Amino acid sequence: MAGMMVAAGATVAAARRSVAAALRAARLDTPDLDARLLVGEALGLDHAGLAVAAARVLTADEARRIEAFATRRLAHEPVARILGRSQFWSLPLVVTRDVLDPRPDTETVVTAALAAIDARGPRRAVARLADLGTGSGAILLALLSELPEARGVGTDTSLAALGVARDNAGRLGLAPRAGFVACDYGGALAGGFDLVVSNPPYIRTADIATLAPEVRDFDPRPALDGGPDGLDAYRAIAADAGRLLAPGGLIVVEVGHDQSGAVVALFDTNHLARIGDPYQDFSGHRRAVLAQRQT
Ligand SMILES: C[S@@+](CC[C@H](N)C(=O)[O-])C[C@H]1O[C@@H](n2cnc3c(N)ncnc32)[C@H](O)[C@@H]1O
């Protein structure tokens with residue numbers, strides 16, 4: 001494969017064009033954007049730097065680096081994974097193979113939680129929060145960035161994921177207010193949380209094979225697999241939420257597009273009072289379910 005798309009002696013602009021053409025031919029979604037990001041990463045140049053360097057000729061090393069990145073993208077590896085970084089709630093996050101690449105849809109959980117908190121009074125009323133299945137730390141760190149007086153804990157069964165989340169907290173200056181615990185959802189936590197959030201695995205096991213290769217082959221399986229009906233995590237979390245939450249405490253969970261009814265029912269069964277209708281994401285899917293512990 002080496003040298004098929006980009007050869008030493010080509011210009012930067014020509015390399016971008018040929019990578020974009022190869023990605024387009026493979027029917028990837030955003031070939032021009034991906035080519036710009038991958039060529040930029042290989043050369044250590046941002047958008048403006050790439051434009052300035054357009055007519056520069058590539059060294060053999062540079063051509064090899066571009067080729068290697070393009071080859072990974074052609075194998076459906078998402079650009080965020082190739083770059084090793086992503087963005088969530090405008091926060092820069094490191095992502096590795098051990099964590100889910102945080103999705104824009106998940107920002108709905110943060111928006112919904114903040115709206116519910118603001119509807120009740122000052123944000124400082126939320127002193128303690130927990131993020132169950134924290135992955136890269138995305139939701140926990142976004143909320144800590146918005147709730148400057150809160151402390152939070154993220155849990156995960158993946159030690160590697162917890163390492164990534166801890167590093168992300170450190171890079172964002174949030175480590176003093178963030179703790180990380182290896183356990184099954186809230187299993188190792190004492191109660192008293194004002195807010196519990198979670199984006200747990202919720203894909204039905206049988207549906208995983210049908211997902212896009214970018215997800216199926218690159219997001220960690222434990223981050224996806226929600227059991228036979230996709231609801232295993234919600235059952236565990238709903239059963240434990242009454243213990244974890246302070247009286248009146250809020251719980252906000254992300255759900256799959258057809259799961260909000262089932263999750264509301266699970267919360268009901270566990271004496272968690274639903275707050276409002278499920279919160280919709282930008283595509284109009286019911287994405288976040290909110291409830292509170294009855295006092
Ligand atoms: C869908 S990912 C969400 C990651 C992150 N919260 C986000 O929104 O980007 C689910 C996370 O739950 C973790 N997980 C799976 N089973 C778990 C369990 N029993 N207890 C705690 N975490 C679990 C996975 O390792 C993964 O990091």
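Placed from the backbone N, Cα and C atoms, the Cβ positions cover glycine too.
Per TrEMBL, the features are as follows:
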type    : residues                                 : note
DOMAIN  : 15-84                                    : domain 'Release factor glutamine methyltransferase N-terminal'
DOMAIN  : 127-206                                  : domain 'Methyltransferase small'
BINDING : G133, T134, G135, S136, G137, D156, N199 : S-adenosyl-L-methionine binding site
BINDING : N199, P200, P201, Y202                   : substrate binding site
Around the substrate site (N199, P200, P201, Y202), what further same-chain residues have their C-beta within 8 angstroms of the site's C-beta centre?
G133, S198, A223, G226, A233, V253, E254
Can you tell me how far the Cα of P200 (substrate binding site) sits from the Cα of T134 (S-adenosyl-L-methionine binding site), in Å?
8
Using the alpha carbons only, what distance in Å do you get between T134 (S-adenosyl-L-methionine binding site) and P201 (substrate binding site) once rounded?
11
Along the domain 'Release factor glutamine methyltransferase N-terminal' (15-84), what average pLDDT does this model show?
96
The most crowded of the binding-site residues T134, S136, judged by neighbouring Cβ atoms within 10 Å of its own Cβ, is T134
Any further residue of that chain within 8 Å (Cβ to the Cβ centroid of G133, T134, G135, S136, G137, D156, N199) of the recorded S-adenosyl-L-methionine site:
V99, L100, D131, A138, I139, L140, G154, A161, A165
Binding-site residues compared (G133, G137, P201) - highest count of Cβ atoms within 10 Å:
G137
